[in-house]
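Below is one structure, written out as structure tokens; the observations come after it.
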Amino acid sequence: MIRAAVAFGIVALPLAAWSKPFECLIQPAEVIELRSPVIGLIEKITVQRGDSVRKGDVLVELESSVERSAMAMSEYRMRMAGRLKAAAQRSENASNKLDRAQQLVKQSFVAAQARDDALAEARVAEADLEDARENQELAKLDYRHAADLVSQRILRSPFDGVVMDRLLNPGELTQYGTDSKAILKLARIDPMRVEVVLPLMYYGKLRPGMTGRVVPETLGGEYQAEVKVIDRVFDAASATFRVRLDLPNRQGNVPGGLRCQVEFPQLKALDK
């Protein structure tokens, strides 16, 4: 049993043997490649590599003259009220005519046929009014569809972050799909993600919410990070498990890709 334990690196060393800082790596919380959902010609890219971006910022605009023309026509049709007003007026006149015909029939001044004709005319006018209303609603839907097509050609930042790379330029043609070439590469750097590998002897001693002191190499300084994720699947070959911490980086002072050292004050307290 002792030999097996040594082979897997899980001999019962005292906690003090592991109280030194652990090697870690600082990475962006999220990295994405921004692609176009449609095929189109790039008209404008508003950012360069290294630029900071805010969520919702316009980053890329595709050529959209045809789509904007269609949207303008749809908006005009949506605002056309003449047909609806005319149908409403005809319906009102037919309703008044029916009321008069009913009164005259009651007084035996006209035959019942006149009332029936007025009733049929009122029903036709009401149907025309309903048709005009439906066309108006359809025009609104057409406008929304046209606006969505224009919106597809405006690419915005999905989060606060930085531009890692610019892969296409104005004048180039975009494709769509997962195999297409990305236009921009973006990284979310607040918070930064700190990845560390710990010996199994510490499993169960760390908890989400605990803090770690992170010291980036070359950068110097000390930063507080919070334990967010503790893996529940171990690496049997090395008898280790992975832990992820979030390091607040509101000012963007901590770059990604740095090696670091991390200490856990709660674990050091166990040595005493």
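Cβ coordinates come from backbone N, Cα and C, glycine included.
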Of 84-142, 202-260, the range TrEMBL tags as coiled coil is 84-142
Mind checking how the domain 'CzcB-like barrel-sandwich hybrid' (35-175) divides into helix, strand and coil residues in DSSP? 80 helix, 24 strand, 37 coil
